[in-house]
Structure formats: C-alpha cells, structure tokens
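Colleague: Provided herewith is a single structure, encoded as structure tokens, for subsequent inquiry.
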Amino acid sequence: MSARLLGIDLGTSAVKVLLTTLDGTVVASASAEYPIEQPQPDYAEQAPAAWLRAVANAVRATLAQAPTAPVAAIGLSGQMHGTVLLGADHQPLAPAIIWPDRRSAREVQEITERVGAERLYAITGSPVATGFQAATVRWVQRHAPALWRRVQRILLPKDYLRFWLTGVFATDPSDAAGTLLFDETRRDWSDELLDLLEIRRNQLPPVQPSVSISGRLCEDTANALGLPVGVPVATGAADTACSLLGAGVVRSDQLLLTISTGGQLVQPCETVRIDPQGRIHTFCSALEPGEGRSGWYQMGAMLAAGLALRWLREQLYEEPTNVSYDQMMGLASEAPPGADGLLFLPYLVGERTPYMDPTARGVFFGLTLSHRRSHLIRAVVEGVTLAARNAYDVLRELGATSQHIVLAGGGARSRLWQQVVADVFGTPVQALRTAEQSAAGACILAGAAIGALDPAEAAHSWAHYGSLVQPDSDRHCFYQERLEAFRALYQRNAGHFGP
C-alpha cells in the first residue's frame with residue numbers, strides 16, 4: 001500500500017486535516033472547531049491549547065478512516081498574522097492574538113508614521129494592518145510591558161503547532177511575510193524593522209523554505225496523534241500560499257478568489273510587485289523564486305466574507321446550526337439580483353482592501369417592509385462579491401490579467417454565488433472541486449519536502465474544477481451600477497463609523 005501525505009491546515013475557526021496519496025487522491029479527512037474569544041470589543045483571541053486538542057482529534061479521526069499505510073510526511077498550513085508569545089519554559093504566556101483583532105489601530109498608525117509608508121511598502125510589500133504581528137507586538141509592548149519582558153519567543157499560529165509536533169522553532173517566507181517584520185526581497189527578517197520595534201532576532205524563528213523538512217515528529221506528540229515517532233514535518237506555508245497550490249493557481253496569469261471566513265483575491269507574480277498606494281498586500285509564495293516560478297503573490301483581502309453570512313445566520317435563526325448554508329443559498333436565489341434595492345457593506349470587522357480601514361462598519365442600506373430573509377441573504381452574497389470586485393479593480397490597475405477566475409472556499413459550492421461572481425466581475429468563473437485546498441497545498445509541500453513531488457507540477461495535476469460559469473451581460477451592466485452605489489455608500493459614511 002502506497003505512502004500517504006498528511007496535511008494540517010490550522011484555520012481561523014477550525015483545523016482541517018487531509019490524508020492523500022502521492023497523486024493527490026484524497027484518502028480521508030476530518031476537521032475540528034475551536035472558538036474565537038472576544039473578551040473586549042475589537043479583541044480576537046484563541047487558546048493555543050484549543051488548537052492542539054483540535055489537531056489531535058482531527059488527525060486521529062482522519063487516520064481512523066484510512067486503511068493502514070505509512071504516513072510519509074506531514075505538511076503544515078495556517079492562518080496568517082497571529083501572535084503566540086512564549087516564555088522561558090516555551091509555554092504560551094497569554095491567549096494568541098489572531099488576525100481579526102483590531103485593538104492595535106493606534107500602533108498601526110505609529111508604525112506607518114515612524115517607518116514611512118513608502119519605506120514600509122518597499123521592505124515588506126504591504127501596508128501594516130491591525131492583527132498583523134508587528135502591530136500586535138507593539139500593542140503588547142505598550143499595554144502589557146510586564147508580559148513583554150517575559151517574552152522569549154514570538155511565533156505564528158502554524159509555527160506554534162510545528163513546535164508542538166517537533167520541538168523545533170521555524171517558519172517559512174510566506175507566513176513570515178504576513179508579520180510585517182520581513183524583507184520580502186531578501187526573504188529574511190528585516191533588521192531595520194526589528195530594531196525600530198525593539199524585537200530581538202532570536203525571539204523570532206529561523207526562516208526556511210516551505211519545501212524543506214523542518215523537523216520530525218517527537219515522541220509525546222506522536223503518541224497523541226497515533227503516528228510513529230520520526231515522521232518528517234515540512235516547513236509548510238501560510239494558508240493563502242497553500243491554497244494557491246491546492247487550487248492549482250501558480251502562474252502569473254491566474255487569479256484565485258477564495259470565499260471562506262475572510263475573502264482573498266490572489267494573483268501569483270514572478271517579481272515583487274508593490275502597490276504604491278498600499279491598497280493590497282504582496283507576500284512571498286510557497287515557491288522559491290527563479291526559473292519562471294512565481295515566488296510572490298499579490299492579494300486583496302476582505303475581512304468578512306463567509307463570516308458575514310455566518311453572522312447573518314446567527315441573527316436570522318433561533319437554531320442557526322440547524323440551518324445549512326445550502327438552505328440559505330436556496331432562499332437567496334428566490335430574491336432578484338439587487339435584492340430589491342437592498343445593499344450590504346460587509347465591513348463587520350473593518351476592512352482591508354482597498355481602504356485599510358479598521359473603523360469601517362457593516363451596513364444594510366435600503367431596507368423596506370417588503371424585504372424578507374431571502375433579500376437579506378442575497379444582499380450579503382452580493383455585498384461580499386462587490387467588496388471582492390473592489391480588489392479585482394486594484395489588481396487590474398496594477399497589471400493583473402486572467403482569462404477566468406478560479407473560485408474556492410465555501411462560496412465555490414454555491415451555484416448562485418458562482419453566478420453572482422461571474423456577473424459582478426464580468427469574467428467567467430470556474431469553481432474549484434478540490435476539497436480543502438489549503439490542506440491539499442500542505443500535502444503537496446509535504447511530498448515536495450521528501451523529494452516525492454515537484455510542487456508546481458503537483459499543483460496543476462492535483463486540482464480539479466467544475467465547468468465554466470459565464471457572466472450575463474445584462475446583469476453585469478446592472479451590477480456595475482450597484483458597484484458605484486456600493487462604493488459611494490462607504491465613502492459617504494466613512495467619517496461616521498466611529499473608533
């Protein structure tokens with residue numbers, strides 16, 4: 001029986017585990033959820049111990065489904081930007097502060113002013129935002145100095161998982177790039193930014209290629225997972241970088257739109273391309289640059305995509321977990337395009353692209369007595385898609401081209417959402433059929449780390465897609481008008497959202 005690859009994707013709300021063969025056939029999968037804690041307004045935290053329990057449960061559940069076969073390697077993917085602070089005993093000193101956290105707005109402004117926006121973009125490829133590790137660390141330094149004095153290690157979420165698996169401290173360029181402490185051209189920590197923020201280099205993990213072996217499974221963790229000691233663990237990559245691999249989007253003429261908790265519109269690029277206005281992010285990919293490989297990607301980020309739909313479900317239904325998203329999409333299809341004049345701004349936790357505005361807020365505009373649940377749901381679908389279109393227009397302005405858009409995440413499972421994306425963008429859409437593309441990307445990196453796969457070739461051969469969904473020209477013209485109203489609604493209210 002052939003060897004298996006195990007991919008672990010430590011997401012924002014759940015861990016997803018995938019077991020595959022070397023040709024990408026999915027053998028088994030499982031997931032386990034954990035909560036986002038919000039002890040105060042603007043806070044978003046998670047307990048690292050909850051991650052580890054969920055990983056152990058999901059890995060054991062995955063292995064229980066599969067015939068006995070050796071796991072050749074483990075690959076890691078994880079939510080970006082979050083901050084795990086370890087003390088001298090290598091235990092977490094506090095809950096992890098994760099990417100939706102907005103407490104560091106003052107620190108974002110301070111860092112931008114001290115470094116200078118243009119200099120910051122030149123080093124990191126991105127504007128700093130709340131929830132990014134640089135801003136979070138600065139917040140801890142200012143508001144919890146006693147805690148900061150005890151900090152010996154600063155890790156990203158997936159790299160804390162790696163430490164638990166292997167006892168090794170390490171990270172990769174794609175995840176390190178999301179800290180805003182990283183020089184994207186040199187693919188190493190920026191001494192200039194570390195000095196400015198009073199962070200010691202030895203507090204951060206060494207940076208290794210995503211396709212390297214960072215360590216091997218240690219005894220205690222192996223027993224907890226039901227795996228043998230010594231299984232190699234690949235360095236892995238950030239969830240967006242892994243999702244590009246899992247979706248087969250590794251060329252500079254491809255575009256990927258992922259609609260999951262957040263939303264990301266991503267295009268790989270072969271050189272560092274920076275938006276001088278700081279509206280989008282440029283990050284390192286999981287591929288090392290050179291010989292035509294796309295070593296970076298540009299990303300427009302929407303903070304609340306599926307998150308907005310989940311929030312709406314919790315408000316509309318007494319027992320929200322008894323209502324599937326398929327049921328909600330069926331209801332939304334009963335409302336006409338434009339939801340009879342109802343417009344939704346999905347800025348429930350602020351917004352990044354193109355505004356970089358942590359104070360932005362969600363809005364339902366145009367409510368009447370005739371609006372029903374179907375209209376509210378459709379308005380959320382359309383609002384999230386219009387927000388993604390904002391990112392699309394920025395990427396096109398910066399030179400992005402693509403014949404069609406690959407749609408992934410939960411939104412890709414909805415035929416309605418596929419059609420809305422096609423109509424809003426005016427571009428054919430092809431839904432990704434590969435299950436859990438970030439975990440699949442982690443599997444690809446695991447195979448590459450042991451020399452069994454070429455990551456770019458595996459990305460193309462593993463990905464599977466549905467048929468092309470064509471845009472309707474009349475609806476596209478209609479949504480062009482809605483887009484202008486959508487943008488005007490934000491602009492006219494931007495000064496009134498409050499802190």
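The backbone N, Cα and C atoms fix where each Cβ goes, glycine too.
Note that TrEMBL annotation is computational and uncurated.
The following feature annotations were taken from TrEMBL:
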- 6-246: domain 'Carbohydrate kinase FGGY N-terminal' (DOMAIN)
- D9: site 'Important for activity' (SITE)
- M80, H81: substrate binding site (BINDING)
- D239: active site, proton acceptor (ACT_SITE)
- 279-449: domain 'Carbohydrate kinase FGGY C-terminal' (DOMAIN)
Colleague: Report the member of D9, D239 (the recorded positions) whose C-beta atom has the most other C-beta atoms within 10 angstroms.
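Modeller: Counting every other Cβ within 10 Å of each candidate, the maximum falls on D239.
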Colleague: Specify the nearest of the recorded positions M80, H81, D239 to D9 (site 'Important for activity'), where nearness means the distance between Cα atoms.
Modeller: D239
Colleague: In angstrom units, rounded to an integer, how far apart are the Cα atoms of M80 (substrate binding site) and D239 (active site, proton acceptor)?
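Modeller: Answer for this pair: 7 Å between alpha carbons.
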Colleague: Compile a sequence-ordered list of residues in the same chain as H81 (substrate binding site), six or more apart from it, whose Cβ lies below 8 A from its Cβ; state 'none' when nothing qualifies.
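Modeller: Spatial neighbours, sequence-distant, of H81 (substrate binding site): I98, W99, G131, F132, Q133, L156, G178, T179.
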Colleague: On the 0 to 100 scale, where does the mean pLDDT of the domain 'Carbohydrate kinase FGGY C-terminal' (279-449) fall?
Modeller: 94
Colleague: Taking DSSP as the reference, which of helix, strand or coil describes D9 (site 'Important for activity')?
Modeller: strand
